[in-house]
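What follows is a single structure, written as structure tokens, with notes after it.
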Amino acid sequence: ALLSILQYVHDIPRIKIMLPELKVDKDGVSDNESKVDSGVPEVPVPADDTPEVLNKALSGLSSRWKNWWVRGILTLAMISFFFFIIYLGPMVLMMIVLCVQIKCFQEIITIGYSVYHSYHLPWFRTLSWYFLLCVNYFFYGETVTDYFFTLVQREEPLRILSKYHRFISFALYLTGFCMFVLSLVKKHYRLQFYMFGWTHVTLLIVVTQSHLIIHNLFEGMIWFIVPISCVICNDIMAYMFGFFFGRTPLIKLSPKKTWEGFIGGFFSTIVFGIMLSYVMAGYRYFVCPVEFNNDSNSFQVDCEPSELFQLQDYALPGILESVTGWTTVRLYPFQIHSIALSSFASIVGPFGGFFASGFKRAFKIKDFANTIPGHGGIMDRFDCQYLMATFVNVYIASFIRGPNPSKVIQQLLALRADQQLHIFNSLKAHLTEKGLLPALEEAAA
């Protein structure tokens, strides 16, 4: 027995070498246990891609202040680029939205591929990009048919594609669906269906909502610029207030988010939205719907501004009247709507960021990519924008948009001659019954 004990003591160093080292975190859970619980391999952490010039210039600062300056400089650069593409016009804005959509899709799909790369799933990336192509063909085909109706009817190939657009889109998707079924491998069934769902949820989040951004743009550039600017303002001001005054954590998903930053960002965004709306509402370039001119084959932004963009007098409540001494205030009606947009951007909009934070924590990554130093990937900058775009589109459809006479006329012109004549007689009888047609005839005489 004594010899056995001595032999065991002698073998202890070898046992320590053979056993894997177990690290225990502060919650008492080992790394191996957490890996078993999660079942998800970690995504490789990208290297720091901060420009060497900035690294040298900021080498004497602490990591906290270095990150502050890097974020600040890159933020100013992105805002300048945003102003530049606005200057280039709506067509360039649409192309930028498409490029951003593709980059965001690539970042999310790359995470899935990096996580499950060891399984060598057949056709995963090929099918993901194919489905992106199919969905974009469907959405942009709908947009072209809706907003470029006259051009489509004028060109025979476009007219045929427009007529059978939905059938072609369905056939393309069905082809991808069959390819997915044929790619199924017995030992990876569950994982392949995971990734099939991954691709479709990504398409829903990225492609569908970027399409709504373009629809908002057609309503007038102000519906594109003001919501995006409000999200940017809230992001900047929440970061500034949180950086200098933040003490109280806001949500566990984002430990750096604080109540001080959340509240400071809210009030700053409200004021910013009202001021920006006042400036932009006075220019037709921003408030007029973006329409396609068939004569010049180009976009035009020219109209008589609606009542939404005409100054009106509003009576102040008694409390504000006693404080300011004013009885009325002169505002654009759009400024009142901007309060709703700003409130959503600063209260609900951040939850898009929290959702993205939860996604990144699930895969133990800091950012979606390292495209922008100090900011992460493009998706890190647009996580709130997509949620905002959906709200703006629903808001316009619910409270702003009315029947569009030009679109009704376009649809009438596409009908057969007998159908057009039937609608004409019905409309004439309706106007005569209401007593409007005789009045119009007398005015014409």
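Note that the numbers count up from 1, one per residue, in the order the chain is shown.
Placement of Cβ uses the backbone N, Cα and C atoms for every residue, glycine included.
TrEMBL entries are annotated by machine, without manual review.
These figures come from a predicted structure and were not determined experimentally.
Listed in TrEMBL:
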type	residues	note
TRANSMEM	123-140	transmembrane segment
TRANSMEM	167-185	transmembrane segment
TRANSMEM	192-214	transmembrane segment
TRANSMEM	220-241	transmembrane segment
TRANSMEM	262-286	transmembrane segment
TRANSMEM	334-356	transmembrane segment
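Comparing 167-185, 192-214, 262-286, 334-356 for CB pairs under 8 angstroms to the transmembrane segment (220-241), the maximum falls on 262-286. Sequence-distant residue pairs (6 or more apart) of the transmembrane segment (262-286) and the transmembrane segment (192-214) include fewer than 3 whose Cβ atoms are under 8 Å, leaving the two stretches without contact. The list of residues near the transmembrane segment (334-356) in space but at least 6 beyond its ends in sequence, with Cβ under 8 angstroms from a Cβ of it, reads 222, 226-227, 230-231, 233-234, 238, 251, 253-254, 257, 262, 265-266, 269-270, 272-274, 276-278, 281, 287, 308-309, 368, 379-380, 383-388, 391-392, 395, 399-400.
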